[in-house]
Amino acid sequence: MEARAQSGNGSQPLLQTAHDSGRQRGEPDPRDALTQQVHVLSLDQIRAIRNTNEYTEGPTVVPRPGLKPAPRPSTQHKHERLHGLPEHRQPPRLQPSQVHSSRAPLSRSISTVSSGSRSSTRTSTSSSSSEQRLLGPSFSHGPAAADGIIRVQPKSELKPGDVKPLSKDDLGLHAYRCEDCGKCKCKECTYPRPLPSDWICDKQCLCSAQNVIDYGTCVCCVKGLFYHCSNDDEDNCADNPCSCSQSHCCTRWSAMGVMSLFLPCLWCYLPAKGCLKLCQGCYDRVNRPGCRCKNSNTVCCKVPTVPPRNFEKPT
């Protein structure tokens, strides 16, 4: 057993030596090949690579439709640098003749832009000068000249023969007066003034004196009965049931007498109607400004004397 163990332990170094000898005789180890291929860069070389920047762009100018766009060499530089970075190669530099040819269209475009700006300034100055010519000297001299602007249209000279006599319309509506009382006789002034009908709830509720009497004395019931019983459309007895001049006077009065037995407030209608007429006359006398005379002569008011106008030229 001990002999076998010794023989087994001794076989391992033999295998290792045989394996090492096989490596030396055959191909080399790939680890050694990797270490040989990797080159260690110094700090100066790294700084030099980072400092050299070949990607530059010039000022961009909008090309005109007549001109061809200038070639951009910077894009070529960029693509070459991207492909050359893993191989640590620097892109080829352009020759001075190529740089000069690429800058030529750029200078042409800049000159055309500058000439266009000059033409635009010329047109703006010419337009402003034309506007000042149209506005005149009053607007060109600033706010001080605005005081001399004419704000009133000058009137033409008046001649003595152009003055016409005043017509009836020029005299006014209140020019015709009564000869007896001296008050105006126009329709507006002589119209009778009725009692106010919207004197309740700050002139918002319509309540006339006639309606108060009709509802207070139950005459509204009589008017409704006459309205439904009348066959003639032209018969307005329902509006004036106590009228003596309209048709069916006896029939209406007899019907109201029978209804007064059941509605005794109907006996107060005639006295209330008389009081209403009296109040109406008093109110009209106080508030009517015109004439109340029945038969009077009308006199036209004299036009007040006006001093003669001065027809001389204004200074």
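In case you wondered, yes, glycine gets a Cβ from its N, Cα and C as well.
Annotated in Swiss-Prot:
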| type | residues | note |
| --- | --- | --- |
| REGION | 1-39 | region 'Disordered' |
| COMPBIAS | 1-19 | compositional bias 'Polar residues' |
| REGION | 51-141 | region 'Disordered' |
| COMPBIAS | 107-130 | compositional bias 'Low complexity' |
| REGION | 117-315 | region 'Required for interaction with CAV1' |
| DOMAIN | 177-291 | domain 'SPR' |
| REGION | 178-315 | region 'Required for interaction with TESK1' |
The domain 'SPR' (177-291): DSSP-derived helix, strand, coil residue counts: 61 helix, 5 strand, 49 coil
The region 'Required for interaction with CAV1' (117-315) [mean pLDDT, rounded to integer]: 71
